Amino acid sequence: MAENGIKHQEVGHKSLLQSDALYQYILETSVYPREPESMKELREVTAKHPWNLMTTSADEGQFLNMLLKLINAKNTMEIGVYTGYSLLATALAIPDDGKILAMDINRENYEIGLPIIEKAGVAHKIEFREGPALPVLDQLVEDKKNHGTYDFIFVDADKDNYINYHKRIIDLVKVGGLIGYDNTLWNGSVVAPPDAPMRKYVRYYRDFVLELNKALAADPRIEICMLPVGDGITLCRRIT
């Protein structure tokens, strides 16, 4: 039971905080007042989409935007775009000559946010590729000139391929660079008992997320930090 009598009825709630009121306080006090107008517009447009649960939360968008500025990221990659909220957060953070290689299997969703991204004046930073990411990653890895060239890589896509992505992008991110894996607390399901009520998609991907978390914790090539922001994000800093 959460504060004020609020109870999450099932695993699959967007906020990991036990108090909806506390999460709303964070949004209204810290996030929404400082949210760029373009990100607000895209967030509101995305909220009308039937698959709006796929979007990056506003607090995570704020976090990513600041993180990219702190590490002075310039060459970045995003696997899984949806309507482009996190992509826009990235594009606004990196310098004018920065680049984002963005990949998603559905261009139609990306085009929902594209007019807003264009209006924000950052579309020139984005190279969008429609289709599965693994073939593109294999091609990049094959050319050793691409090794260690990315400052930041954000993964928010098919959870059953996260480990396959990690095997490839670990070579592409520079030593000292960051990889961010989204949804690593997966609606809180990572600590839920097997018989807990879960939405079908949450239950399906749960074991893949658990497998990823164990693999990242055991990978000596990275330092990690798992944060309860949004639906959980694990930051991996490459050290070798």
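In case you wondered, yes, glycine gets a Cβ from its N, Cα and C as well.
Feature annotations, courtesy of Swiss-Prot:
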- Lys14, Asp156, Asn187: substrate binding site (BINDING)
- Thr56, Glu78, Gly80, Val81, Ser86, Asp104, Ala133, Asp158: S-adenosyl-L-methionine binding site (BINDING)
- Asp156, Asp182, Asn183: divalent metal cation binding site (BINDING)
For this session: Determine, from DSSP, whether Asp104 (S-adenosyl-L-methionine binding site) sits in helix, strand or coil.
Result: strand
For this session: Within 10 Å of each Cβ, count the other Cβ atoms and name the one among the binding-site residues Thr56, Ser86, Asn183, Asn187 with the highest count.
Result: Thr56
For this session: Measuring CA to CA, name the entry from the binding-site residues Asp156, Asp182, Asn183, Asn187 that ends up nearest Ala133 (S-adenosyl-L-methionine binding site).
Result: Asp156
Seminar exercise, completed: Under a three-state DSSP reduction, the secondary structure at Asn187 (substrate binding site) is helix
For this session: Tell me the Cβ neighbour count for Asp182 (divalent metal cation binding site), meaning other Cβ atoms within 10 Å of its Cβ, over all protein chains shown.
Result: 25
Problem set entry | Residue pair Val81 (S-adenosyl-L-methionine binding site), Asn183 (divalent metal cation binding site) - Cα distance, angstrom, rounded | 14
